[in-house]
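According to Swiss-Prot, the protein has these features:
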type: REGION; residues: 1-26; note: region 'Disordered'
type: TOPO_DOM; residues: 1-733; note: topological domain 'Cytoplasmic'
type: DOMAIN; residues: 63-296; note: domain 'GB1/RHD3-type G'
type: BINDING; residues: G73, S74, Q75, S76, T77, G78, K79, S80; note: GTP binding site
type: COILED; residues: 659-688; note: coiled coil
type: REGION; residues: 670-689; note: region 'Disordered'
type: COMPBIAS; residues: 676-689; note: compositional bias 'Acidic residues'
type: TRANSMEM; residues: 734-754; note: transmembrane segment
type: TRANSMEM; residues: 758-778; note: transmembrane segment
type: TOPO_DOM; residues: 779-834; note: topological domain 'Cytoplasmic'
Amino acid sequence: MSNVPSPTVTLEGDSPDAAHEAVSSSSSSFVPVEIQDAIQIIDEHKQFNKQILDYISSRSRQPGDYRIISVFGSQSTGKSTLLNHLFSTNFDVMDEVNRQQTTKGIWMAVSPGVSNSLPANAHVPPENILVMDVEGTDGRERGEDQDFERKAALFALSTSEVLIVNMWESQVGLYQGANMGLLKTVFEVNLSLFGKAKLQNNDHKVLLLFVIRDHLGVTPMESLAATITQDLLRIWEGLNKPADVAHLAFDDFFDLAFHTLSHKVLQNEKFLDDVRSLGNKFLDTSSESFLFKPNYHHDIPIEGWTMYAENCWDQIDHNKDLDLPTQQILVAKFKCDEVAAQCFEEFAKVSHELKNVAVSATQSTEPIDYKDTGLGFQDMKQSVLEDYDLGASKYNKSVYQQKRATLAEKIDSTLQDVFAIYAKHLVTTSLKAVSAGLSRKTRSGTFVEAMEKLKQSSAHDFSQALALISLDGALDTRPFEKEYLAELEQLVSKQQIVELNSILSKALKKLNNGLSTCFVEELANPSELTWDHILEKFRGLSKSALQKYETEEGDYDFRLGTLPSMNKRALKTFDFKSWELLDNLIHKYISKDNLLNILKDRFDDKFRYDENGVPRLYQNTKELEGSFSESKTHALKAFPILTVARLSDGTEVIPKYDVRDKKLKRQYETVREEKEAEEEDEDEWDSEDDENQRAFAELLSESEKAEVMAKFKREMDAKFVETKRSIMQHVTQIPYYIYIVILVLGWNEFMAILRNPFFFTLLIMLAGATYVMYSMNLLGPASIVVQRMANEALGLAKEKLREFVVDDHMQHGHNMKKMTTNDIELDDLSEEST
């Protein structure tokens, strides 16, 4: 027994020198727990001790967490001595006289305390430290039988948090002497047995702590560490890694730490100081060199760890890869590889044709039967594996099965390309079906419910169809499922935007109708309050248009399942579009022509009608001139109101957005995805020179105002002249007394007509007919008929006169003959009548 160095930090409980009879670690039989300082957890015959938990429970100073440390190295390098000095354990050490094997199997002890040089008040973690002493390698007792030392090293690596690799300084740089060959085997098997667990727990690592003994100081520790690190990385690169963990690096599994110890005999005090310095690294949590990192722990309680350790040993003990491959296995590997290569070669020829069939099927308009396609995949794969079984099943079973699995993976990998063709086609056709469903307006329930139902049903149908051709899950469907779900979400998102834009369009239409009515009413009689009324109406209609979507918190929810950010963008778009609509309506109702018509209407209302709406009849020019001036002033009162949008307080109407900014117009043209909006923002905008662009409130430019004023003045002056001319005509007409003179001088003629019954009756008939036509509003048509008859008679008379006066003898004779013929006919008629 070696004496325990002091000082030590003793964990709560008994002192290190508890009164138990020591049991030599060279003993090869399990003994009762209550008399042990250490327990042999695996004996030299590879038997696992099931009393570990009882021992740990009896020896632990307190309940709580624990740390597992093991030591690994060549025989007789002082592993047990190091543990005893460092962790105050009582492992049996080598008899230096006989130099024979001391530790057999694997032993464990609970550390009573850690040797250190920390201050008395330094923080000491409360964990129990469990120390495993592993049988040394390269011992003469076992000779060339390396099976146990490989398994023991792998067990220590798999169950420990910190694996202390104990070696002499002179062993650094050696391959066998530094146990690099053994480490290579252990690393390789560790990958095959426990590598997959690394994929599920990416943070877990094991610390390889290299303790270099008898360090003279000539070679710096950094150089020794670099040599060991290079050797380990070279070994790792040469490992035969399983395919699923081949991408993982050495750093993903292990951390490295190094510590040197002076010669125990020649520099004993220095040796003890170095041990205490190493102990500090296990205790001082505030130090950067603290060795117990959280990701080294197995994250299971001690009861679970003992079960885990037993299962690890069982798996390690029954794994044949730790033995050198036999000739039978070598032959099996060669033959199975040969058969597998032949089978795969035949399959590769067929798979090329299968790919062509897949391309043709996806390009055809006929629907694909995915069930039959999947059965075809299975039959083809099964046929290849049956051919392999026929030629390879007679060899070593484990090799045959391993190579069969490899062949199946290669088949799956080849069929994956064909599967991808069908899967991409399925994605496309399924999305088209969903798109058609989205475009249909007949939906039951809310939009969100309808979309959720459509998404679930389409995703279910897609997954079912994809599963039919996935060889019962052997082919990787995840990329296509992920792509389909992403595209499906994108389709739904686009439909949400369509619905959102539809809501905004309806709201803008409602706003347009309300504002149009308001404009008509206000422009019928403009006043100083016109723009106050229009702006008030605009704000009221804008708020009420989306009022039903407003939440109690003051936000807006359009009930489409859109994100709050999208709702805010929609609100901003509506805000901009509403101001743009107001601007468009202003310029629709207040253009140059419309303004001129409004001024003319206002002038006519005042000029042609009085206050009661009765048409005016001007008697003299003085009255006309006064009314004209008043009417013109009344009309022009609306001119400044309708050329500048100004409120009653004198301020101009200023919009919330610059509705004439082209960039803003494109940005708020419609509600879009945030990504699309950002991409468009990054585009270069075509800009024009907007320096001469007038303000929102300036409805007409100065040139347009001048043009309207000129036209208005010209047309009003024309009306004035026309009206004045009618007055002048009225003044210059025949005096009324002339009619009295005519009546007096023509009295006899009037009386003659009245006394003659024929003329009187004719006069009565003409007066009656005139009255009837007047009452039936037929005087106009009658006058037109009379006028046309007069025109026809006049035209006929002119033609006859022209024929008569033509200076042509033949024509004159012909005309005379016609006239004679007519006379004869008249003579005949007269004769007959007589």
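Backbone N, Cα and C atoms are what each Cβ position is placed from, and that goes for glycine too.
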Residues of the same chain, at least six outside the transmembrane segment (734-754), with any C-beta under 8 angstroms of its C-beta?
760, 763
Under DSSP, is K79 (GTP binding site) helix, strand or coil?
helix
Average the per-residue pLDDT over the topological domain 'Cytoplasmic' (1-733) and send me the rounded value.
79
Across all protein chains in the structure, which of the binding-site residues S74, Q75, S76, S80 has the highest Cβ count within 10 Å?
S80
I'd like the number of other C-beta atoms within 10 A of the C-beta of G78 (GTP binding site), please.
22
Near the Cβ of K79 (GTP binding site), how many other Cβ atoms are there if near means within 10 Å?
28
